[in-house]
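Student: For reference, the structure I am asking about is given below.
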Amino acid sequence: MADKCSEGLLNGAVPGERGKQDKSVKRGNWGNQIEFVLTSVGYAVGLGNVWRFPYLCYRNGGGAFMFPYFIMLVFCGIPLFFMELSFGQFASQGCLGVWRVSPMFKGVGYGMMVVSTYIGIYYNVVICIAFYYFFVSMTRVLPWTYCSNAWNTPDCVGVLDGNLSSRAALNLALNATQKRTSPSEEYWRRYVLDLSDDIGNLGEVRLPLLGCLGVSWVVVFLCLIKGVKSSGKVVYFTATFPYVVLTILFVRGVTLEGALTGIMYYLTPQWDKILDAKVWGDAASQIFYSLGCAWGGLITMASYNKFHNNCYRDSIIISITNCATSVYAGFVIFSILGFMANHLGVDVSKVADHGPGLAFVAYPEALTLLPISPLWSILFFFMLILLGLGTQFCLLETLVTAIVDEVGNEWIIRRKTFVTLGVAVAGFLLGVPLTTQAGIYWLLLMDNYAASFSLVVISCIMCVAIMYIYGHRNYFKDIEMMLGFPPPLFFQICWRFISPAIIFFILVFTVIQYRPISYNDYVYPTWAISIGFLMALSSVICIPIYAIYKVCCSEGDTLLERLKNATKASKDWGPAMAEHRSGRYAPAFSPSTESHLEVQPLQPEKSRSEAEAASPVQGSNGSAHSQDSRL
């Protein structure tokens, strides 16, 4: 009996409920819950955990930054994560299909798709650069070690060139016009990117980067060729091996001279900064963007869960794992940077950086100081590739699932692989301009505008639509029906009041702290910034445009009646499988709703003729309905 009970729990059944077929034959499911958790961890833990969080931490008061960071995790990060997982899992639909809950807000789903498209385009370009560095690291001497290459300038001073400490310290102490240029920076700017002087001057396509971009998209496509069935197996490696590499780099880093100085620089608390609103704003923004809220990926991944899976437990595990990884990565980064600062005889702040500057300039330069430096470089860039791929898998699957669910017929479901191929090819072609000599300018423009305040607006509207338009009581009952217990009181309060307030605070903070984008000494022209705002607006504008369209198409004699009908949950909202539609979702079939529900055969191994002759299936709510012969 105990064995049967434990087996039921592992399969996602609610305690006390009789066993049922909990798999979706039509859409597919994860092979097991470990695949879902690993995929979600790979999605949430990305490049930002390595190249953004450690920098934010030391800039905003070191260890003192951890306090607002974990406060924001508890009151905003985990609740939003749980909301999106439960939303997708309950309806078993992607970011478009879930808006049967309130059809007027389907524009939120389209906004998520636009954001995921932008991110998917430039994110894979970052992965392709990591691929390039990974390949060129397979040599005896890293190409950015010395200043004796054709692309180097007279200003170049390598950390291994001659009388290092005195020369480097002297150069770093000089004014900005005579600032030292490292061989890794010149390799990055003058060789890898061959950087042009303006964002409008695209120059030529960098063929090595274009080739690596093709490799990136081929890898992503092959891993998603069978949807979650194939990607669920790949994540056993892509989601776990980065932790092996982080641990190897951590052990190597902390044994170096000066590592403790770097770590103390990272962790030493400056408690006076806790009173600074900017610190709290940075903490809230980092939690929000790091977890991948409002991208549509969380809803999509959860939609492949079994209906009774405990997504409450999963949301806590994944959120905490994501934040713990960020903290752990900080030790890895700053131990090496501390060693480099000690070697140069300068302060850690002189070598600390974030974003591409950390991943492709500062850290690679530090690696040249280590014995067998190509080995450490290969490990580091392989880790970046895996971290990026984990996020890219979910971005592509979000778009594919939304398209397939929206069309919804058997023809496109059987040809989902071709949809995946089409999206991958389109992503590759749209990423080609980012491999030109001005590509890095466009990449940073997309990163700063396409996926910034628009995500905050989308998330805020989603909270309002679910809690106040659909109704918090309805949603709490849905979760209780799915999990066997209502959401804890803490989450109910957060969803209704605290999380929307924090999201609004992030939006206000983003507007107040806005500064026009720049890259090193290059200031973006007004026309480029205007394009950035248009990209940000393109995802948000989907919401009012679709809302107006839906209101105009809704039934009713007055505007108020049309609004009510447009916001009212559609008849086919609810669990996707008929046997889970109990209570207020008990099936009262009509031709319009029956086509959206999936009726599972109790014996799927029977032939088609046997299935058609089978007796009616008894639903979980006690009502009988006919078997769907198409399945």
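We number each residue from 1, going along the chain as drawn.
Keep in mind that glycine also has a Cβ here, set from the backbone N, Cα and C atoms.
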Student: What is the disulfide partner of Cys156 among Cys128, Cys147, as given in TrEMBL?
Tutor: Cys147
Student: If TrEMBL is the reference, give me the range from 36-54, 207-225 marked as transmembrane segment.
Tutor: 36-54
Student: Near the Na(+) 1 site, what residues other than Gly42, Val45, Ser290, Asn322, Leu387 in the same chain have a C-beta no further than 8 Å from the centroid of the listed C-beta atoms?
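Tutor: Neighbours within 8 Å of the Cβ centroid, excluding Gly42, Val45, Ser290, Asn322, Leu387: Val41, Tyr43, Ala44, Gly46, Gly48, Asn49, Thr325, Gly390, Thr391.
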Student: Output the single range from 66-87, 287-304, 417-443 maximising the number of Cβ pairs under 8 Å to the transmembrane segment (449-469).
Tutor: 287-304
Student: Under 8 angstroms, Cβ to Cβ: which one of 108-135, 375-396, 417-443, 489-512, 524-549 has the largest number of such pairs with the transmembrane segment (66-87)?
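Tutor: By the under-8 Å Cβ criterion, the transmembrane segment (66-87) pairs most with 489-512.
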Student: How big is the Cα-to-Cα gap, in Å, between Leu387 (Na(+) 1 binding site) and Asn49 (Na(+) 2 binding site)?
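Tutor: On Cα coordinates alone, these residues lie 9 Å apart.
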Student: Measure from the CA atom of Cys156 (disulfide bond) to the CA atom of Asn322 (Na(+) 1 binding site) and give the result in Å, rounded to a whole number.
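Tutor: If we compare the Cα positions of Asn322 (Na(+) 1 binding site) and Cys156 (disulfide bond), the gap is 38 Å.
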Student: At a threshold of under 8 Å on Cβ distances, which of 108-135, 240-267, 287-304, 375-396, 489-512 pairs most often with the transmembrane segment (36-54)?
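Tutor: Ranking 108-135, 240-267, 287-304, 375-396, 489-512 by Cβ pairs under 8 Å to the transmembrane segment (36-54) puts 375-396 first.
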Student: Which one is closest to Cys147 (disulfide bond) in space, judged by CA to CA distance, out of the binding-site residues Gly42, Ala44, Val45?
Tutor: Val45
Student: Whole-number Å distance between the CA of Ala44 (Na(+) 2 binding site) and the CA of Cys156 (disulfide bond)?
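Tutor: Each residue's Cα considered, Ala44 (Na(+) 2 binding site) and Cys156 (disulfide bond) end up 38 Å apart.
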